[in-house]
Amino acid sequence: MTELMRIAALFAATALAEIVGCYLPWLVLKGGRSAWLLVPAALSLALFAWLLTLHPSAAGRTYAAYGGVYIAVALIWLRVVDGVALTRWDVAGAALALGGMAVIALQPRA
């Protein structure tokens, strides 16, 4: 697996853990679902925090690069879970964000 693919997969898993951890409380607060959903939400957010520690860069650089992948994963969530069709602007924005992530994550190491 190339370095970019490994980093992208780790970022995608991190983003999914964060989105699930935030979506479940949203279901409780906005959708009237059981408060028991807060338990897996907390576990998902703990997983998110742990996954962030697996990234090889300094925390600030990791968060900056992670933002690009988060945008793409959130748009996939929008399409798959929320059932909202993506626009060309959504796709273009995600492509730009992923390009920025690649520049930050794959910069030459001194």
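Cβ from N, Cα, C; glycine included.
Beyond its flanks by at least six residues, the transmembrane segment (9-29) meets 1, 35, 37-38, 40-45, 47-48, 51-52, 54-55, 65-66, 68-70, 72-74, 77, 81, 101, 105 of its own chain at Cβ-Cβ distances under 8 Å. The annotation transmembrane segment is assigned in Swiss-Prot to 9-29 (among others).
Annotated transmembrane segment per Swiss-Prot: 34-54 (among others), in sequence order, evidence recorded as sequence analysis.
Annotation comment: Swiss-Prot describes 66-86 (among others) as transmembrane segment. Long-range contacts of the transmembrane segment (66-86) within the same chain: residues 8, 11-12, 14-16, 18-19, 23, 52, 55, 93-94, 97-102, 104, each at least 6 residues beyond the stretch ends and with a Cβ under 8 Å from a Cβ of the stretch.
For 88-108 (among others), the entry in Swiss-Prot reads transmembrane segment, with the evidence type sequence analysis. Note on the transmembrane segment (88-108): residues 3-4, 7-8, 11, 57, 61, 64-69, 71-72, 75, 78 of its chain, located 6 or more positions outside it, place their CB under 8 angstroms from a CB of the stretch.
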